[in-house]
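What TrEMBL annotates here:
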{"type": "DOMAIN", "residues": "63-387", "note": "domain 'Tryptophan synthase beta chain-like PALP'"}
{"type": "MOD_RES", "residues": "Lys97", "note": "N6-(pyridoxal phosphate)lysine"}
Amino acid sequence: MTATATTLHRPDTSTGFFGAYGGQFVPDQLKPILDDLAATFDACKDDPSFIEEFTYYLTRYSGRATPLFLCSNLTARLGGARIYLKREDLNHLGAHKVNNTIGQILLAKRMGKKKVIAETGAGQHGVATAATAALMGMQCTIYMGAEDMERQKLNVFRMRMMGAEVVPAMSGQRTLKEAVDEALAAWVQDANETFYLLGSAVGPHPYPAIVRHFQSVIGREARAQILEAEGRLPDCCIACVGGGSNAIGLFAEFVPDTSVRLIGVEPAGRGLTYGDHAATLCLGEPGVLHGFYSYMLKDDKGEAAAVYSISAGLDYPGVGPEHSHLKDMNRAEYVSVTDVEAVDAFFTLSRAEGIIPALESSHALAHAMKMAPAMPKDAIIVVNLSGRGDKDVAQIEEMVSNGLVTPPAMVRGL
Ligand SMILES: *Cc1c(COP(=O)(O)O)cnc(C)c1O
């Protein structure tokens, strides 16, 4: 463990900056509310009774620890580095998101809040929030763009089944950005009673530090599991990056181990031209979005750019501030993978191992598949399989039927 790496990657908890990035760029009325949350988090995170409760729900509700699985078939097929998957897809609700919603709902409980609000794009975070609110007997309101509600009808139905009220955001493009704006406005109105449950390692301080903390269980388990399986640390850890929560959760425990390459994979979508991707760290520049300073993709007016990815969980024009810092420090590398490459990985893992990955996670896997053949056979790659792909099967089936994607040769003929 090198002193520089540990001191540099820790957020300055008083101001919430990771190097130059992060902070609180919010209206004055939100500052005391965020400070209150930061104080609660500081008091809870090392409190044994809080840790015990968090661990209880991770274990008994979500089924942790998730396994670290060696993909023998895929490894043999690629003929290089051994590929391990951290199976976050085996969590309750099928992704890593529940690690964070359990942690934050327990903070809400400690703060005596009775209501939670959240915003959601594709609906995955809304579903995870609705589930944990039901679990804790709290009232739950989810803001979702009216357009997204139409596209993600089943997730809206899931949220409602679990007792959440789903409020359509009707302004602007009626997607995630408007849902964030309307959820924040509702929070400001009722902040004493209401807890804002944020879904990724983004937003104003203390959210990036909170989400990192709750998701770091991924890296803690993976580190112990690879040491047990291989007797040494991996050569690289790879994760997809939307807002950056599953990636920072895996990376957090490995940052001080400078022999381990940390690689974040962003969506290159249809290609790296404006509006066709969401490769924020690869192509963006620093700016303020949604209350924090970090890399972002801008349009020609300096506002948040239009973004696109085949996977709804990755199309965000910003990124968590700690990733911006890790990039500038050269501690982590950020690359991009196209829709076509991600879909190829989606099919390949399904066929090779009988595991259908989320399209988001398929981006990380696709990059591992590019790297592995050029690496020696005793090299080790850990890929964070952030979620399962059941939610994406209908979308892919339709694209195959319409001739928009072609399964790789190993899958054809089915
Ligand atoms: C939401 C989601 C992501 C993207 O979010 P991060 O905060 O970048 O982790 C990735 N994978 C899955 C399966 C998701 O549901």
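Just so it is clear, glycine is given a Cβ too, placed from its N, Cα and C backbone atoms.
Cβ neighbours of the residue listed as 'N6-(pyridoxal phosphate)lysine' (same chain, under 8 Å, six or more residues apart in sequence): Gln124, His125, Ala128, Gly199, Ser245, Gly387. DSSP classifies the residue listed as 'N6-(pyridoxal phosphate)lysine' as helix under the three-state reduction. Summarising model confidence by region, the domain 'Tryptophan synthase beta chain-like PALP' (63-387) averages a pLDDT of 96.
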